């Protein structure tokens with residue numbers, strides 16, 4: 001019995017092969033199979049956001065002006081979430097809420113679900129694009145793995161959190177000031193800054209910034225003089241075979257500064273990948289917990305003592321009172337349909353006031 005080993009070749013190209021050749025052709029902007037998801041979704045998400053911030057009011061959903069047409073600027077314009085009464089409706093243009101009326105669809109907040117869903121798929125398409133290109137040029141897929149961090153944060157904040165609450169209403173609106181207000185909401189209603197997952201996220205993001213600054217400075221400090229150029233960018237040939245900077249010198253420097261240093265480039269760069277991506281994933285997990293109304297750290301003993309002893313107060317008890325004030329003010333403003341009324345005497349006052 002004879003077994004022939006070799007690559008199977010087809011006599012004719014089928015439709016898939018033709019599509020594959022065209023999509024993955026070497027061109028200025030790579031398209032690829034991932035581009036079939038990325039480019040349309042990114043186009044619709046950005047187009048929806050620009051349309052909403054330019055023309056669409058939030059009067060019917062939040063009682064607010066939110067467009068350039070109404071006098072907002074770049075920092076205050078937003079594509080606002082649908083009203084609380086619409087719960088988790090997808091708000092399809094042809095759905096029972098808008099019934100094909102584009103103006104009514106915009107008034108109800110349909111652009112928010114449109115931008116959120118297309119934005120999520122666009123981000124996923126961008127990650128798949130990195131996978132596809134890495135496979136094409138035989139690279140490892142760590143760029144795509146790193147980009148999973150921002151995707152996890154986006155999906156957890158804009159989709160999973162409101163799904164755990166009563167509706168899309170409680171997700172962030174797509175705007176700068178709107179995101180700031182959402183952060184205040186997270187603090188007031190979830191005590192987010194005292195959540196251990198938030199702490200890990202802050203450590204990851206700020207730690208990554210520190211690592212980038214240290215790494216960039218160290219490389220600049222230990223560059224070899226490979227040429228007589230006037231600055232860093234002209235002093236070496238981009239196609240040179242030898243190293244650009246001295247890892248040995250950098251290792252000796254940081255060993256003297258800290259007593260420890262990275263011994264090789266692989267471990268150094270893996271650590272620079274690990275710190276921010278892990279921080280983003282931890283933040284995303286924390287937001288998933290908030291969707292289920294899981295609580296942050298509670299120091300009840302301090303709260304009880306502050307309630308009993310007029311002279312005892314900590315930064316923690318002051319922050320708890322601040323959170324109560326945020327809830328009292330924001331709930332009445334954000335949820336007028338609940339007819340919430342908080343008399344002056346029930347608003348929180350700290351012992352120091």
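Even glycines carry a Cβ here, placed using N, Cα and C.
Taken straight from Swiss-Prot:
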MOD_RES   2  N-acetylthreonine
MOD_RES   2  phosphothreonine
TRANSMEM  41-61  transmembrane segment
TRANSMEM  125-141  transmembrane segment
BINDING   130, 143  pheophytin a binding site
TRANSMEM  153-166  transmembrane segment
BINDING   198  chlorophyll a PD2 binding site
TRANSMEM  208-228  transmembrane segment
BINDING   215, 262  plastoquinone binding site
BINDING   215, 269  Fe cation binding site
TRANSMEM  279-295  transmembrane segment
Ranking 41-61, 153-166, 208-228, 279-295 by the number of C-beta pairs under 8 Å to the transmembrane segment (125-141), which range is first?
41-61
Candidate nearest residue 215 (plastoquinone binding site) in space, where candidates are the binding-site residues 143, 198, 269 and distance is Cα-Cα:
269
What's the CA-CA gap between residue 269 (Fe cation binding site) and residue 143 (pheophytin a binding site) in angstrom, rounded?
12
If you run the three-state DSSP split on residue 262 (plastoquinone binding site), which class comes out?
coil
Cα-to-Cα gap, residue 262 (plastoquinone binding site) vs residue 143 (pheophytin a binding site), nearest whole Å:
22
Cβ contacts under 8 Å made by the transmembrane segment (279-295) with residues that lie 6+ beyond its boundaries:
148-150, 152-153, 155-157, 160-165, 186, 190-192, 195-198, 200-205, 207-208
Surrounding CB atoms that lie within 10 Å of the CB of residue 130 (pheophytin a binding site), all protein chains:
18
Euclidean distance between Cα atoms of the residue listed as 'chlorophyll a PD2 binding site' and residue 143 (pheophytin a binding site), Å:
24
Whole-number answer please: how many Å between the C-alpha atoms of residue 198 (chlorophyll a PD2 binding site) and residue 130 (pheophytin a binding site)?
28
